[in-house]
Amino acid sequence: MDTAAGEQHAARGTHRRGVILVLLAGTFWSISGIVVRLIEHAQPWQIVFYRSLTLMLALTVWISHRHRGQMGSAFRSAGGRAVAAGLCLSLAFTCWVFALTQTTVANALFLLTTKPFIAAILGRVILRERVAPITWVAMTLALIGVAIMVNEGMILGALWGDLMALATALSMSGFTIALRSGKSTDMFPAVWWGGGFATLIAAVMLGVRSQSVWVSGWDFGMCSVLGVVQIGFGLIAYTAGSRFLPAAELVLLSLIEVLLGPIWVWLGVGEVPSGPTLLGGVIVLTAVVWRAGHDFRSATPQRSSAP
C-alpha cells in the first residue's frame, strides 16, 4: 500500500515537473515576436544569420556537455535523418523571421498553430499514417480560421507575412516527420544542422544582396537572445519536460506560446491584434485544443470509484 502510494506520489511529481518545463519552453518560444520588434536596424537576413549562428554555437556547447565531449557519436547516432530534419528546420527559421517582420505577431503565431494538421497530412502522404476522422474535421475548422486571417492579410498588404507563417508551419511539420521517420529521439543534432544551414543560407543571401553582415551591438544582442534563449533554452526545457507527458498534453501546454506572444508585443510596443485576427485565431486554437483534448481524454485512464 505504502509502495503504491509512493509510486503514485512520484508519478505526480514527475508529471508536475514535466508540465512546468513545457510551460517554461512555451514561454521562451513566445518572446520571438517582441524581441524582433525591439531590433532597431538589422534586416531580416541579418537577423536570420545571427540568430542561427548563436543557436548553433550554443548547441555545440550543450551537445558536447550532454555527450561528455563525444559530439561525433551524437551526430553519427542521429544519422542522415537529422540532416534532412535540419534542412526543414532551417527553412522554418528563415521563414519565421520574415513572417514576424511582415505581419502582426498574433497573426503569425495563430497561423503557426496549424502545425499539427499539416504534420498529419504529411504523415499520411510520406509515412502512410492513418489520419483519424476527428482530425479531418478539426483541420476543416482550422482552415476556416486560416482563410479569415489570410484574407485580412490580403486587405492590409500583409499577405507575404501570412504566407511566410504558413511556410514556417509547413517546414516545422517536415522537421517533425523527418524525426519520426528515423530511430533517434535526440532532437539536438537536427536543430544544430538547422542552425548551420540557416546561417549558410543567410550568409549567401547577404552576399547576393550586397548587404553588410555587421549590425549594432544592441541588434546583435537581440539576435543572440533569439538564438540562445528563445530557441536554445526553449528546446532544452521542452526536451526535458516532454519525457514525462503524453503527446496530446504537450500540444495543449505548448499553446502558451500563442497566448503569451501577442501579450508581450501589446505590453512592449502597443501592437494590438485586429478583430479578424482574433476571430481566425480563436477558430484555429479551438480546432487544435479540441483535437488534442480528444487525444488527452482517450489516453487518460479512468479512475476507479472504489474506495
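Note: Cβ is positioned from N, Cα and C throughout, glycine not excepted.
Per TrEMBL, domain 'EamA' is recorded for 17-150 (among others).
According to TrEMBL, the transmembrane segment annotation covers 18-39 (among others).
Residues or ranges marked as transmembrane segment by TrEMBL: 45-62 (among others).
Annotation source TrEMBL lists transmembrane segment at 82-99 (among others). Non-local neighbours of the transmembrane segment (82-99) in the same chain are 32, 36, 44, 47-48, 51-52, 75, 108, 111-112, 160-162, 164-165, 167-168, 171-172, 174-175, 178-179, 182, 184, 189-198, 201-202; each lies 6+ residues outside the stretch with a CB under 8 Å from one of its CB atoms.
Summarising the annotation, TrEMBL assigns transmembrane segment to 105-127 (among others). Same-chain residues lying 6 or more positions outside the transmembrane segment (105-127) and placing a CB less than 8 Å from one of its CB atoms are 30, 33-34, 37, 96, 99, 135, 138-139, 142, 145-146, 149-150, 152-153, 158, 161-162, 164-166, 168-170, 172-174, 176-177, 180-181, 251, 255, 257-258, 261-262, 264-265, 271, 273, 277-278, 280-281, 284-285, 287-288, 291-292.
Listed by sequence, the residues of this chain that lie at least six past the ends of the transmembrane segment (134-151) yet keep a Cβ under 8 A from its Cβ atoms are 107, 110-111, 113-114, 117, 120-121, 159, 162-163, 166, 276-277, 279-284, 286-288, 290-291, 294. Residues annotated as transmembrane segment in TrEMBL: 134-151 (among others).
The annotation transmembrane segment is assigned in TrEMBL to 157-178 (among others). For the transmembrane segment (157-178), same-chain residues at least 6 beyond its ends with a Cβ under 8 Å from one of its own Cβ atoms are 81-82, 84-86, 88-89, 91-92, 95-96, 98-104, 107-109, 111-115, 118-119, 121-123, 126-127, 146, 149-150, 190, 194.
Taken from TrEMBL, the feature domain 'EamA' applies to 159-289 (among others).
The annotation transmembrane segment is assigned in TrEMBL to 190-208 (among others). Within its own chain, the transmembrane segment (190-208) is flanked in space by residues 45-46, 48-49, 51-53, 55-56, 59-60, 63, 75, 78, 81-83, 85-90, 92-94, 175, 178-179, 227, 231, 235, which lie at least six positions past its ends and keep a Cβ under 8 Å from the stretch.
Among residues of the same chain six or more beyond the transmembrane segment (214-238), those with a C-beta under 8 A of the stretch's C-beta atoms are 21-22, 24-26, 28-29, 31-32, 35-36, 38-42, 46-47, 49-59, 62, 187-188, 191, 195, 254. Per TrEMBL, transmembrane segment is recorded for 214-238 (among others).
If you look up TrEMBL, you'll see 250-269 (among others) marked as transmembrane segment.
Residues or ranges marked as transmembrane segment by TrEMBL: 275-293 (among others).
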